[in-house]
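Got these off Swiss-Prot a minute ago, pasting:
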BINDING   16, 17, 18, 53, 183, 200, 201  glutathione binding site
MOD_RES   49  N6-succinyllysine
MOD_RES   71  N6-acetyllysine
MOD_RES   85  N6-acetyllysine
MOD_RES   116  N6-acetyllysine
MOD_RES   116  N6-succinyllysine
MOD_RES   144  N6-succinyllysine
MOD_RES   158  N6-succinyllysine
MOD_RES   158  N6-acetyllysine
MOD_RES   165  N6-acetyllysine
MOD_RES   169  N6-acetyllysine
């Protein structure tokens, strides 16, 4: 029997493109590194407010850098990420509250579907320039992730319940307690210690903390399938 997997938590919001990048890299490595990957749907607007941080859209130079950066990362990481056409509206007006409540409901009721459902919401907003705020948009993502129409509708009906609202609030507050000022954050629990890493570009450091080998963003086992 091999060593027990170490726990790594990923706090993320589908409104955050860098969360998608970190998510995919961790999904590629979770079996290679033998980690217990825990996905934590969170609300980036709550973290921004709590920390006093500002979104890139309010800082023009940062927004321009982000657009160029994601274009380069699309090819480097082989993730089909594209800037939304109406970036400011997506980030500052539409937001992701309903989507993140839906993913919270998925995590509570059908955690085995969380990875695919999260990916399909990212694909909508950060790859195909599609909506993630309307009920039909969320249902379309859920069904594309493999849920039945009835299952998806049942989960959607729970996003306004106190249980789901409170869980999303608690997860967001947990990220803040770890010191988050944005997303994604990766929290590694290793040898009785807890390490919080911000951003999608800290995976080499995560490998070091885990005592594992970093083989680039597309490890050989994954590259063979791409």
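Cβ from N, Cα, C; glycine included.
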Look at each of the modified residues, 71, 85, 116, 158, 165, and point out the one with the fewest other Cβ atoms around it within 10 Å.
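Comparing Cβ neighbour counts within 10 Å for the modified residues 71, 85, 116, 158, 165 gives 85.
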Sort the binding-site residues 18, 200, 201 by C-alpha distance from residue 144 (N6-succinyllysine) and give me just the closest.
18
Any idea what the Cα distance is from residue 16 (glutathione binding site) over to residue 71 (N6-acetyllysine), rounded to a whole Å?
15
Return the single residue from the binding-site residues list (16, 53, 200) that has the minimum number of other CB atoms within 10 Å.
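Output over binding-site residues 16, 53, 200: least Cβ neighbours within 10 Å is 53.
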Which number gives the other C-beta atoms within 10 angstroms of the C-beta of residue 49 (N6-succinyllysine), all protein chains shown included?
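Step by step: centre on the Cβ of residue 49 (N6-succinyllysine), count other Cβ atoms within 10 Å, giving 12.
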Measure from the CA atom of residue 17 (glutathione binding site) to the CA atom of residue 71 (N6-acetyllysine) and give the result in Å, rounded to a whole number.
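So the Cα of residue 17 (glutathione binding site) lies 11 Å away from that of residue 71 (N6-acetyllysine).
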Grab the glutathione binding residues from the record (16, 17, 18, 53, 183, 200, 201) and give me their largest CA-CA distance in Å.
19
Might you list, by sequence position, any residue in that chain lying six or more from residue 183 (glutathione binding site) with a Cβ less than 8 Å away from its Cβ?
11, 12, 13, 16, 18, 19, 42, 44, 47, 175
